[in-house]
Each structure stands twice: as C-alpha cells, then as structure tokens.
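Trainee: One structure follows; several queries about it will come next.
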Amino acid sequence: MKQLESFQIPRIVIFGPGAILKTPLVVSELKAGRILVISGKSATTAYANQVAQLLSNYSVDVVRYNEVDLSKSSYDLVIGVGGGRPIDMAKVYSCVHKKPLVVIPTAASHDGIASPYVSYTLSQKLQTYGKIVASPVAIIADTSVILSAPSRLLKAGIGDLLGKIIAVRDWQLAHRLKGEEYSEYAAHLAVTSYKIAATNARRIRNFTREEDVRVLVKALIGCGVAMGIAGSSRPCSGSEHLFAHAIELRLQEESSEAVHGELVALGTIIMAYLHGINWRRIKKIAEIVGLPTTLKQAGIDADMAVEALTTAHALRPDRYTILGNGLSREAARRALEDTELI
C-alpha cells in the first residue's frame, strides 16, 4: 500500500491582458497586512512599483531581489514581480518565513513562474536554509506585460518546454532501473506542455500577439502543477537541465549572455540523441523558433560542452538520468558531432 501523499499547487491563477490590475482582489483574499514586493534591477522595477500603487491600502515595501533581508520576518505576504531572480528570491523568503507567495511574472522564459522550486545555482548558494520549496498560492500573469518582454526570453520559454520530453524519459528510466517513485499524471502534464510547445512553435514563434504568449504561459503553468503533484522537479528537469546547469556553473565567472531556456534546448537535442528519440525533429523545432542550435550560436566553447557532459551527472547524484555515471569525453564529443552542435 502506498503512503499518504500530499502536494501543493497554485489555487488562484489569473492570466490575460490587464491581469496585473487584479492584484488587489487576490491580496484581499489572502488577508495580508504588511506586504513585501520583490523586484528586479531593470525595467521590471516599474511593474513592481505599479503593484505597490495598486496596493496603496496596505503597508508595502518594494525591495530589489539582491537587497532582500532574509532575517526580517515582519511581512504577512511576499510578491515576486519580474523574471527568474526576483521570483526565486520571493520563493526563498516564502519558504524561510512560511509566508504565502504570489508570483507576477514579467517574462515567460522558464517554468519557474509556477514551480515550487528555485534555480539550481541559487539552491546551491542557499544550502544553509535547507531545501527551498514554496508553491505560489497565486499566479498573476499579465499577458500584455509578458508580450513586451524581449522575444529572446519568450523563445527561451519554448526551449525550456522542449526539455520536458527528456525529463519524463529520464524519470521513466529511473523508475524502471532504480525503482524510483513515478507519477503518471505528473508525467502526462509535463509531456502535454512539451507537445503544446512542439505543435504551436511555428504559429507563436514571433510572439507578436497576446494569444501567442497565452499559449506559452499556459504550458509553463502546467509544468508548475506537474512539479507540485510529483513533489519534486522530476517531471520537468532531467539530463537536459543537468547539462544546462553544468554550463551555467562554468559561465558564472564570465560575462556570458547565455539564457537558461536556450541551454536547455541544446541539452534536449543531445539527450534526445542519447535516448534514441528523434533529435532531428526537436532540433528543427528549435530552428523554427529561432533558438540556438549549435554551440557557436549559443556562445559556448566545444571543450566546455564536453566537460559539462562528462560531469553533469554529478550535480544531482540522487537523480538518475540517461547520463548514468557520466559520459566519457569521447562519447560526449561524438554526441556533439553527431547532432551537429559542433
């Protein structure tokens, strides 16, 4: 008999043009007094200030993500407004102080807008706080705001979605070979998000219409729900993400402009090759969208990619994937050559 299961998923989701104006309605349901709004450092700060103005009946502090004082626990609610970093820091604050979390994304470049988990690199920096898990109680996705984000970030969102087919294949492999717990429902949600990206790629690739963003946001929110049901990021993060994380760790010391979803798309092509999936189709979808499909286009050195492929498995030794105990340098280079990434 299976043990008792529990999971947390967002209970309020509002998306569409002008959705940000519904923020006071959402907050009123959460009965908050003091509110911390965490913003980015760029143009997205304007949206955080707009949220603060909409909540003028409350006591609101707007703080940039890199200036948040995690020792301060006097807020009743935390709202993350912006891209990955402010939303991740809002999750950290929510988790550390057990406060409800509202997410208001200004871009849709990855599934972090709806997931309970923070980026790998941030989780490594904050290990003293333990495992960071904070599911948003509400997501307010204003598609008119997200539509104004750089198209590169929106295309990266498709890249992140393409990776779900690999994450689920890795999960199934771990279930068969290692006896890992597997949720068919969570896996189905993740694969559905992949299919939405794959089948709509040509239609939405330019992101010139609100409905293009709506398709992307729905799929990314579906991924967040899948992770909430699974109780881990397993259905949405496999070997393709390990490769991306390995590259990101190596680029930390450089002034790289690499975008997470772009790296995931490259990792997806490589891991599809290793899994025996039709990697050419995935690469074609990436080309249609306008994602990098070679290491050169992504600004990544071939030796760095080889090194990432041989060490990525060690980033999460508890997560079995197609990488197994690691690729040899010869196998890694062959995979890059056969998929024409180099």
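Using N, Cα and C of the backbone, Cβ positions are placed for all residues, glycine too.
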Trainee: Say Swiss-Prot lists ASP160, HIS241 as binding Zn(2+): which of HIS175, HIS260 is in the same site, per that record?
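Mentor: Among the candidates, Swiss-Prot records only HIS260 at this Zn(2+) site.
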Trainee: Given that Swiss-Prot lists ASP160, HIS245 as binding substrate, which residue among ASP111, ASP301, ASP303 does it place in the same site?
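Mentor: It is ASP111, as the record lists it for that site.
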Trainee: In the three-state scheme derived from DSSP, which category covers ALA107 (NAD(+) binding site)?
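Mentor: In the DSSP reduction, ALA107 (NAD(+) binding site) maps to coil.
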Trainee: May I ask which residues of the same chain, at least 6 positions away in sequence, place their Cβ under 8 angstroms from the Cβ of SER109 (NAD(+) binding site)?
Mentor: GLY83, GLY84, ALA149, LEU153, LEU154, ALA156, GLY157, ASP160, VAL259, HIS260, GLY261
Trainee: I'd like to know which of the binding-site residues ASP88, ASP111, ASP160 has the most other Cβ atoms within 10 Å of its Cβ.
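Mentor: Sorting the candidates by Cβ neighbours within 10 Å, the top entry is ASP160.
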Trainee: Among the binding-site residues GLY84, PRO86, which residue has the largest number of other Cβ atoms within 10 Å of its own Cβ?
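Mentor: Of the binding-site residues GLY84, PRO86, the most buried by Cβ count within 10 Å is PRO86.
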Trainee: What is the maximum Cα to Cα distance, in Å and rounded to a whole number, among the residues ASP111, ASP160, HIS245 annotated as binding substrate?
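Mentor: Result: 15 Å between the two most distant Cα atoms.
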Trainee: What are the sequence-distant neighbours of HIS245 (substrate binding site), meaning same chain, six or more residues apart, C-beta distance under 8 angstroms?
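Mentor: Long-range Cβ contacts: TYR120, THR121, ALA312, LEU315.
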